[in-house]
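Novice: Attaching a single structure in structure tokens format; questions to follow.
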Amino acid sequence: MNGDVQSVIRGYLERAQVAKTMSDAGRWNEAGDLLRQLMTDVKSCKISASNRDEHDARNTFLRALEANLKLVQQNVRDEDDLHEAMTRQSGSPEPPADPDVWSKPSPPLPSSSKFGATKKGVGAAGPRPREISKSTSSMSTNPADVKPANPTQGILPQNSAGDSFDASAYDAYIVQAVRGTMATNTENTMSLDDIIGMHDVKQVLHEAVTLPLLVPEFFQGLRSPWKAMVLAGPPGTGKTLIARAIASESSSTFFTVSSTDLSSKWRGDSEKIVRLLFELARFYAPSIIFIDEIDTLGGQRGNSGEHEASRRVKSEFLVQMDGSQNKFDSRRVFVLAATNIPWELDEALRRRFEKRIFIPLPDIDARKKLIEKSMEGTPKSDEINYDDLAARTEGFSGADVVSLCRTAAINVLRRYDTKSLRGGELTAAMESLKAELVRNIDFEAALQAVSPSAGPDTMLKCKEWCDSFGAM
């Protein structure tokens, strides 16, 4: 069996282990969902028609998954039957059948599973429930505890092929949550040329995202493109900007996600959000999933203070990361993440990021270009010495440099007393200030007001981590 198939099967085995853990914990519905999805993925694997070993391995694995799914389904049925029996035992006795005394009871509703399949035998035995008045049913339920309705139609746009995503298996608020993170390639107009510096990062992203779409025949076998990358560095160095730029240049659908986007108060729904995120990324492929502050989502597992819900989300995320790296899946999904504290990442998650790149603070040339670019479109004096400003902003991040330029531009206003002006006088004064030039004195005042936001300790720790675990 070749290495590609072995690698894929290892990923499937990890997902099967997650399903077993869910089943052992009594989370049978979630285990059933994962097993069904896993069986679908295994069946869709494209393997050589002439390789009997690969066919036998896949069939054996499918039989094992099917056996586990039957056990899970039996547990779900047993739990439902027990719940129904307890409900009948604690409910009211069978009403008289005299139609003059009692109204005819309504027929029992079939109990449906999560996927719309009707349970066999449910409602065939036991007393039929009495008709419940509207007033009684409305009093028995707290409206605050009821999930919103499921009107998912029209939330998601069509993909490039004109197809619509079937989101009927998800609650509407879950679909809305993921839709809020998505920007189609027509909504993003940035370019890598807008990003100053970071030449090594641009090169790797160009090789991993743009070129495979232009010349896919080259990126085969060992040259298969990278699927996941994490950018580690101090805050304000342009990690988010470069993610948006590469998504625009490659005409990819862009998902920007934080830990709060993946959170829900409903048990099990956070995992569904993660699953839907990757399903939509594959549906709208080519796609880029950008996860900011990945350390808040993928921190070290096993900590004493870690909540069970957090572990479940991490497990689902790891499973989906492996799913998006299926070598037999031609739908291009690239996972790009950023962090300021990479040493907090879980080891299993760190392994899934094939490229781990250090993003340093901008050097003197990058700072000069950034000051010049920031001042474009703003009236300024020719006396401004950009070389001197670049030299005096050592230790500044890209965001700090932009903040310095904005402060200098605002300082034009502070050179004049506008506190006593009102109405037309204030409007006229502000209109004249639009043409006022930004001068050296404004930058001098800005340098006194703006300090570097990134501490040297953070910079050093990021560099040490990338020296130990980086992969360029």
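Any Cβ shown, glycine's included, is placed from N, Cα and C.
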Novice: So one of Ser92, Ser106 should carry the feature phosphoserine according to Swiss-Prot; which one?
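Specialist: Going through Ser92, Ser106 one by one, Swiss-Prot annotates Ser92 as phosphoserine.
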Novice: Whole number in angstrom, please: the longest C-alpha to C-alpha distance across Gly233, Pro234, Pro235, Gly236, Thr237, Gly238, Lys239, Thr240, Arg351, Arg352 for ATP.
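Specialist: Largest Cα to Cα distance for the ATP-binding set is 25 Å.
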Novice: Using a 10 Å radius around each Cβ and all protein chains in view, which of these binding-site residues has the most neighbours: Lys239, Arg351?
Specialist: Lys239
Novice: Which residues does Pro235 (ATP binding site) neighbour through Cβ under 8 Å, counting only same-chain ones at least six apart?
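Specialist: In sequence order, Asn340, Ser397, Ala399, Ser453, Ala454 meet the Cβ cut-off.
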Novice: Look up Pro235 (ATP binding site) in the DSSP assignment and report helix, strand or coil.
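Specialist: The three-state answer is coil.
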